[in-house]
């Protein structure tokens, strides 16, 4: 009951703060009755004037850099298929040993996924992606230099941990930097790049020696690390940590230097305040009766994929 009351107070305060603010680009929408422009043209003009709706080069580049991690994930998943004949021949592995090598990626992914949310909240989205690549780079090197099944499995396990960490932080980062009207399309690039990595390694694995194939997987990870230094941190994470000045700086960089980002920055701050009033969610809350059906459906869809 106490929790529900605090949540209602937070929502009430949020609604009042929204009422006090001017509707964005109100004049542009009022033009529909005063000019011969079509509603579509008026809406487009409003989106161009509104910083929240502007898709800048920085947003495109930051999204591309983020989903490069998804490409690395796909490379790791597709490696075992193309490298099977070469590895089993060179290292004299049995079918059971190679099956262990192929499947241990999922064990690492499970470990990484369990801790991904906490790590991303503590380190930040950008530094978490760097942390992921530390596992991926080490894993690829271990696989490329392996002389027995143990080194192969250790490298594959490390790679899986990086993949599991990536599975959370990449879509979250994209969702937090992308304008709301293109957010779904941009997050979709995460899965697209992952499948591109799988397809590429499935194809080139038929032509390259397995050690060279592992080096090919290592290269995009290193390039990803380099590019991560040129993208901004998530403004929402910075605001959550109370780093308002850095939040505004990152938001300004994403939306453009000529855009007034005050309204969006205030919206982010208000959203975080409401979540703090509501309190942290507990894992046990997922197992309430009202969540049973959607949780079951989500589990079935995720398992079948």
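Using N, Cα and C of the backbone, Cβ positions are placed for all residues, glycine too.
Because the structure is a prediction, the values reported are computed rather than measured.
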Per TrEMBL, the transmembrane segment among 5-29, 30-54, 55-79 spans residues 55-79
From 99-117, 232-250, which range did TrEMBL mark with transmembrane segment? 99-117
Checking 157-174, 265-282 against TrEMBL, the stretch recorded as transmembrane segment is 157-174
With CB pairs under 8 Å as the measure, which of the listed stretches 99-117, 129-151, 210-231 comes out on top against the transmembrane segment (55-79)? 210-231
May I ask whether the transmembrane segment (129-151) has at least three C-beta pairs under 8 Å with the transmembrane segment (210-231), counting pairs 6 or more apart in sequence? yes
With Cβ distances under 8 Å as the criterion, find the stretch in 129-151, 157-174, 186-204 that has the most pairs with the transmembrane segment (99-117). 157-174
Looking only at the domain 'Major facilitator superfamily (MFS) profile' (62-305), mean pLDDT returns 90
